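Pulled from Swiss-Prot, these are the features on record:
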TOPO_DOM  1-11  topological domain 'Extracellular'
TRANSMEM  12-32  transmembrane segment
DOMAIN    12-99  domain 'MtN3/slv 1'
TOPO_DOM  33-46  topological domain 'Cytoplasmic'
TRANSMEM  47-67  transmembrane segment
TOPO_DOM  68-74  topological domain 'Extracellular'
TRANSMEM  75-95  transmembrane segment
TOPO_DOM  96-102  topological domain 'Cytoplasmic'
TRANSMEM  103-123  transmembrane segment
TOPO_DOM  124-134  topological domain 'Extracellular'
TRANSMEM  135-155  transmembrane segment
DOMAIN    137-221  domain 'MtN3/slv 2'
TOPO_DOM  156-168  topological domain 'Cytoplasmic'
TRANSMEM  169-189  transmembrane segment
TOPO_DOM  190-193  topological domain 'Extracellular'
TRANSMEM  194-214  transmembrane segment
TOPO_DOM  215-261  topological domain 'Cytoplasmic'
Amino acid sequence: MVHEQLNLIRKIVGILGNFISLCLFLSPTPTFIHIVKKKSVEKYSPLPYLATLLNCLVRALYGLPMVHPDSTLLVTISGIGITIEIVFLTIFFVFCGRQQHRLVISAVLTVQVVFVATLAVLVLTLEHTTDQRTISVGIVSCVFNAMMYASPLSVMKMVIKTKSLEFMPFLLSVVGFLNAGVWTIYGFVPFDPFLAIPNGIGCVFGLVQLILYGTYYKSTKGIMEERKNRLGYVGEVGLSNAIAQTEPENIPYLNKRVSGV
């Protein structure tokens, strides 16, 4: 009876996790609509999408029945994530403009596929129980997942340095926090350290981002309002479209101008 209830809770949490993860995967869609309209990737980087693709590939391998049984929901969302990231990277490949950039993307993709394929072959041929395979693939998956959640550290550092939230979208921070939280719960029903630990780390990073948002929200509004007045920006400027108006490396300089330093 208890086992059936735990399975039901796990399934409900997993479905919720799939929905939130889907929202997270689709969150860059406006960026790629902008790229298609402009027919240029401008200064956007493919690295976040390459990193997410690698994480999804390893997660999909981890969730296979012959590696970690009863993880259908994990395989499902990982497969969806792989598809979405491939679409994004294809758009990036088409509009990146320089052949050198295309070669770099192709090389990184090749290395990722070869790495995951090699890992799969080694695990499935050299290890003969699902427990052994779970540990081997789980450790690799745990590392990549934790690295993905730690990727906003540079943005968080910029927020603290500039006292501006312009490059840390609130909605993305909230969805990331919820995603990590739901998959942490999923990793505890029953306990799976390779899901619970990295997603627990993700919860911490997500919470820190929300704390930063609460800390610097007022100062960001003041900075943007002053900047609009001083630099002659026209129209209503919101947090969501500041990216289109200011390059990250110029924020400290602009903030000094606004402050009159």
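Glycine is no exception: its Cβ is also placed from the backbone N, Cα and C atoms.
If one looks beyond the transmembrane segment (12-32) by at least 6 residues along the same chain, the residues whose Cβ comes under 8 Å of a Cβ in the stretch are 44, 48-49, 52, 73-74, 76-77, 80-81, 84-85, 88, 91-92, 171-172, 175-176, 178-179, 182-183, 185-186, 189. The transmembrane segment (135-155) makes contact with the transmembrane segment (47-67), as judged by at least three Cβ pairs under 8 Å among residues 6 or more apart in sequence. Among the stretches 47-67, 103-123, 169-189, 194-214, the one making the largest number of Cβ pairs under 8 Å with the transmembrane segment (75-95) is 47-67.
Residues 62, 66-69, 194 of the same chain sit 6 or more residues outside the topological domain 'Extracellular' (124-134) yet have a Cβ under 8 Å from a Cβ within it. Under 8 Å from some Cβ of the transmembrane segment (103-123) lie the Cβ atoms of residues 46, 50, 53-54, 57-58, 61, 67, 89, 92-93, 96, 133, 136-137, 140, all in the same chain and six or more residues away from its ends. DSSP states for the domain 'MtN3/slv 2' (137-221), grouped as helix (H, G, I), strand (E, B) and coil, give 70 helix, 2 strand, 13 coil. When averaged over the topological domain 'Extracellular' (190-193), pLDDT in the model lands at 88. The list of residues near the topological domain 'Extracellular' (190-193) in space but at least 6 beyond its ends in sequence, with Cβ under 8 angstroms from a Cβ of it, reads 6, 10, 138, 142. Residues of the same chain lying 6 or more positions beyond the ends of the topological domain 'Extracellular' (1-11) and with a Cβ under 8 Å from any Cβ of it are 73, 186, 189-190.
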